[in-house]
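Engineer: First, the structure itself, so that you have it in front of you.
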Amino acid sequence: MTFEDLRQKLKSGEVSSKELVQEKINRINELDPTLNSFLIVNTELALSKAEHIDKQIASGDHLPPLSGIPIAIKDNLCTKGIKTTCASKILDNFVPPYESTVTKKLLNAGAIMIGKTNMDEFAMGSSTETSAFGPTLNPWNITKVPGGSSGGSAASVAAGLCYGSLGSDTGGSIRQPASFCGVVGMKPTYGRVSRWGLIAFASSLDQVGPFANNVSDAAEILQVISGKDELDSTTVDIPVPNYLETLSKSIKGMKIGLIDNCFDHEGLATDVKESVLSSASLLENLGAEIVNISCPRFNDGIATYYVIAPSEASANLARYDGVKYGFRAEDEQSLIEMTSKSRALGFGSEVKRRILIGTYALSAGYVDAYYKKAQQVRTLIRRDFDDAFKKVDVLLAPTAPTTAFGSGDNIDNPMAMYLSDLLTIPANLAGLPAISLPCGFDKYGLPIGLQLIGNVFEEGKLFQVANQFEKAAEVYKNRPKTDFTL
């Protein structure tokens, strides 16, 4: 059921907003003790707002587009008066005094914030296993991870606990869990959506975007949250097009480039490769021209990212010292001891690992060899994309090299965990928009994600291609069973 379907049902009185919210709360109470996709459920607040919207509907008031629709928020987005933890012990009791720009825009559009979702601590992870509040499980198979870092946002949509959600994407944290959970996830162009109120991981890479069960709903959410924000100097003052108008456009004559580097990688699972290539054939049948294209430095993205992102994290997370807010170690005899102990006890092992990597990369004697060199390679990766978009409209690749891996399989193997973002990281380094949507299933019935990458501020083209594929393939109509048998 799309947002448009929900609007019609609300307008006709076939269903009330309170009934929609109560149904999702009941489902959360039934299923989330197993999944652990939510950290906070705003039961009273959500029902109260739903009642208010129902009164407005009954009065015939003109309402904004998302009125009465329950949407979940990743717990690294500040929500005024509602605890925001970043899934970390160090922020366990942090209640923001202000609202992030994107959540404010959603609320102004009438959306009902049903809760805050679980995530990898400080968005550092690819499996939602590094959360201080326990891992999230994949609703398609609870022995598998949902991906990360936005695993709670993806799993909650896939399991029908909300109609859409917000996540953040630094190296693939929207697209990879979207792939693992069989939903649509969009990472916008860097600067399209405000980061004001997003708790920073890597400021030159972070971007907020939507999860939804279908392309049109993802387009609606992005439409609402996009645009210039005076509170975020990195947002760009470029008009936001009407994404919904692009959905019905034919893709006949569009050039779509298969990034050949992706399909030659030894870590790419056979089921994933076959499904994505089959998807390319379907797009060709819909009128697109499919061409092979090379991005020579595409596979250098992961090494580049794991210098730049930890370096920025090292600087951004220096503010958590136990002094003004967050977790504070007790009974220490000096400020240095208190700060050291607060950080040692407050941060989890993966966060500490990345802080150490970043601090090392920025240290005297190594900054030229690592950080500056990584920034140079980042520029070369962007140039490869620039060259590619002179020849094609959209690029096509798998979202992830594999389907969802087993819970616990990679938690003690950082390199294996990091490689799951191999195919998503380049778009972040180049600041490009990219979308993941379900395109098939592996032999075990786990979802496979198709990734489309666009040129800067061309989210509309991605929605256009994605929607035409979605309508033709109808993969999105398959939903996970929720008896959660092993």
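In case you wondered, yes, glycine gets a Cβ from its N, Cα and C as well.
Pulled from Swiss-Prot, these are the listed features:
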ACT_SITE  LYS74  active site, charge relay system
ACT_SITE  SER149  active site, charge relay system
ACT_SITE  SER173  active site, acyl-ester intermediate
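Would you situate these features in the structure and describe their surroundings?
Structural biologist: In the three-state DSSP scheme, LYS74 (active site, charge relay system) is classed as strand. Long-range Cβ neighbours of LYS74 (active site, charge relay system) (same chain, at least 6 residues apart, Cβ-Cβ under 8 Å): LYS116, THR117, MET119, SER150, GLY152, SER153, SER165, LEU166, GLY167, SER168.
In the three-state DSSP classification, SER149 (active site, charge relay system) falls within coil. All chains included, 35 other C-beta atoms sit within 10 angstroms of the C-beta of SER149 (active site, charge relay system).
For SER173 (active site, acyl-ester intermediate), other Cβ atoms within 10 Å of its Cβ number 37.
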Engineer: Give me the CA-CA distance between SER149 (active site, charge relay system) and SER173 (active site, acyl-ester intermediate), in Å, as a whole number.
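Structural biologist: SER173 (active site, acyl-ester intermediate) has its Cα 5 Å from the Cα of SER149 (active site, charge relay system).
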